[in-house]
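Undergrad: Grabbed the feature section from TrEMBL, which reads as follows:
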- 37-58: transmembrane segment (TRANSMEM)
- 78-103: transmembrane segment (TRANSMEM)
- 124-152: transmembrane segment (TRANSMEM)
- 158-180: transmembrane segment (TRANSMEM)
- 201-225: transmembrane segment (TRANSMEM)
- 309-328: transmembrane segment (TRANSMEM)
- 340-358: transmembrane segment (TRANSMEM)
- 370-394: transmembrane segment (TRANSMEM)
Amino acid sequence: MATFSANRRIHVAQRVEMNGLNDVQDKTSTQNEKPSLGKMAIIICVCMILGLIFGFAVEKGRVFEPEIVYNQMLFKKFVMLKMFLSATISGMFFLSVLSMLPFTRSAFLQAKRSFLSCIQSKGYVTVLTGGAILGSGMAIGGTCPGVLLAQVGTGTSNAGYCLLGSLCGVLLYGITEPFITKATKPSQPIRYQFLYHFYGSPYFMMALPIAAALSIVVFSLEIIFPWETENSVDPESWEKSGLLGLPTWPPFMTGVIVGSLQLPLVLILGDTIGGSSGYCTITSQIFLTKSMKKLSPYLVRYQTGIQNWWQVIYIVSAMLGAYLSSTLSGRYGTIQGVSIPQAFIGGMMIVFGSRLAGGCTSGHGLSGMGLLNMLSIATVVSMFGGGMITAYMMETFM
């Protein structure tokens, strides 16, 4: 009897949430199709500002350095994990607040609907495979779709080859997407899209306690592995340089900055942090000729529309933000990247894996994890698993 009541509560909660999502879709579909010029101007300005902040924070957090990414997969340094978790925690907090307030709940539901639209054809086999490819590419190339933006902006050696590999990865996925989707699309819809569906509770009732638990994890990692020692911080640089001129900031500080970007993205764009789909829009402009349109209907969908181009504006601005940060600290062009073959192959794998999984370290890692999406949680686990295995193999045999 208790089990029956619990299941009924879960199904009621799911139905109420889906009704809310459908209501938001009905109310916002028209304005999303044809935004006014004024709204488009606001969106462009917001994306530019947020991109600048993202690139600046990633550069200050040092997580764009290939050595940091590689050593995270080997669990020798924890700078990347501390920043990643801090961004997820702050994102969860702001998303929880938005979901609770009556006048922001519709924006929260709209953002959630936008996120779900990116993974509607994905199943666990797809995201686990895509996550593993993404993680392996991170270990090989020392980067991910979001971090790559900072690498290009900071003049990291061979970052251009990694970017070229990323665009080729998009092109490869765009050509093979019809076959991949047909082979991997689940026969039935995912029963539980979000972790809190298991318990029939509101999102914030589970998100806030999880955010608190993750905060303890970050705090513990910081005690055991102080960020100053992992980043080799010179105490004199803190005394001589201003805040903007410092070569590095604490990873938990830069993580909170990145996670807080969820707030304006949800309220103004009705979307969450992501990055890999922007590569699709760029690729569709470069490679998609008339003959290619028949070969890749997938890329055609990314050619036009503010819903696609806002991420391109965000990407370019993130590169500029990283450039400004590295220039202010006098470290532009000083970071050693991976070899050219590693950069190209790693770049191809991170974006192909991201597109296969329906999101990257930002889309699944920060937004999906922040929303407690089950597919995103599986993707992140697979991503780190693939990265760890690849890094250990490289450490052993190379």
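Just so it is clear, glycine is given a Cβ too, placed from its N, Cα and C backbone atoms.
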Undergrad: If I count Cβ-Cβ pairs under 8 A between the transmembrane segment (124-152) and each of 37-58, 78-103, 158-180, 340-358, which range comes out on top?
TA: 340-358
Undergrad: Counting only CB pairs under 8 A, let me know which of 158-180, 340-358, 370-394 has the most with the transmembrane segment (78-103).
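TA: The stretch with the most close Cβ contacts to the transmembrane segment (78-103) is 370-394.
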Undergrad: Going through 37-58, 158-180, 309-328, 340-358 one by one, which has the most CB pairs that fall under 8 Å from the transmembrane segment (370-394)?
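TA: The listed stretch sharing the most Cβ pairs with the transmembrane segment (370-394) is 340-358.
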Undergrad: Would you kindly list the residues that approach the transmembrane segment (158-180) from elsewhere in its chain, counting only those six or more residues past its ends and only Cβ-Cβ distances under 8 Å?
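TA: Same-chain contacts beyond the ends: 126, 141, 143, 145, 148, 151-152, 279-280, 282-284, 286-287, 295-299, 337-340, 343-352, 355-356.
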